[in-house]
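Below is one structure, written out as structure tokens, with a few remarks after it.
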Amino acid sequence: MAAIDGLPPLREVIRAHGLSAKKQLGQNFLLDLNLTAKIARLAGDLKGSDVLEVGPGPGGLTRGLLAEGARRVLAIEKDARCLPALAEVAAAWPGRLEVLNADALEVDVAARLTPPIRIVANLPYNVGTELLTRWLSSGWPPFWESLTLMFQKEVAERIVARPGSKAYGRLALLSQWRTEPKIVLTLPPEAFTPPPAIHSAVVHFTRLAGPRYPADAAVLSRVTAMAFNQRRKMLRSSLKGLAPDIETVLRDAGIEPTQRAEELSLEAFCALARRVAG
């Protein structure tokens with residue numbers, strides 16, 4: 001990568017700017033430029049696309065995204081200590097990198113980017129799930145074409161989980177309802193500085209033209225939240241606040257009231273959401 005952008009290795013960048021990952025910000029820096037380049041390639045053809053990156057840190061993945069031909073990268077970094085390192089990346093790629101010192105949860109990113117838009121990020125562990133839920137819950141089709149995101153491996157496994165598995169839950173349902181998520185890369189702790197206690201994984205989400213099964217998004221969100229908040233209870237108990245005669249509602253949707261949330265397929269949850277919505 002240094003041969004492409006003329007910038008030094010990331011370990012030198014971190015040393016030069018006195019950077020260290022902050023646990024309270026969910027930071028773990030990925031320093032291997034071969035890996036950051038691979039993640040950028042796993043996002044697909046970036047030429048002609050604007051790319052949103054959240055939590056760029058010292059800019060390793062940012063460099064990969066620019067080298068892969070992203071038309072423009074918007075990098076949102078909450079930690080002001082990383083800004084000088086990112087400014088060096090911006091200088092190496094004039095006019096193609098905008099760095100925003102802000103909290104990604106508070107930024108209207110769609111208004112700052114031009115379609116087609118792809119989101120590629122090594123997400124800070126403390127906000128990754130919340131950001132994903134927001135991006136999946138927006139109107140459909142969403143403002144983005146695809147998501148390529150790094151999570152803790154345990155979170156990635158929850159995203160692609162199937163009914164009946166221990167990892168299966170609301171995150172799997174929301175992800176699989178309108179996208180095709182796939183784990184495309186697993187990384188060991190030693191790939192990061194400092195090494196986290198767990199493995200990490202990259203998930204690529206291909207958006208679908210529409211939902212797999214019809215349902216109102218708000219109702220489906222409410223039903224799944226109630227069901228999985230008490231996942232070990234029978235649905236007639238966990239969903240009793242959903243309707244006066246919840247057992248009849250469940251049976252009308254083809255669901256046995258004694259079933260538990262982890263046993264229901266996405267199709268069954270959508271059928272229940274339609275029945276609740278009337």
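The backbone N, Cα and C atoms fix where each Cβ goes, and this holds for glycine too.
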According to Swiss-Prot, which candidate in G6, G55, G164, G169 joins N28, L30, E77, D103, N122 at the S-adenosyl-L-methionine site: G55
Among E77, D103, which are binding-site residues, the residue with the most C-beta atoms within 10 angstroms of its C-beta: E77
Those binding-site residues listed as N28, L30, and which of them has the most Cβ atoms within 10 Å of its own Cβ: N28
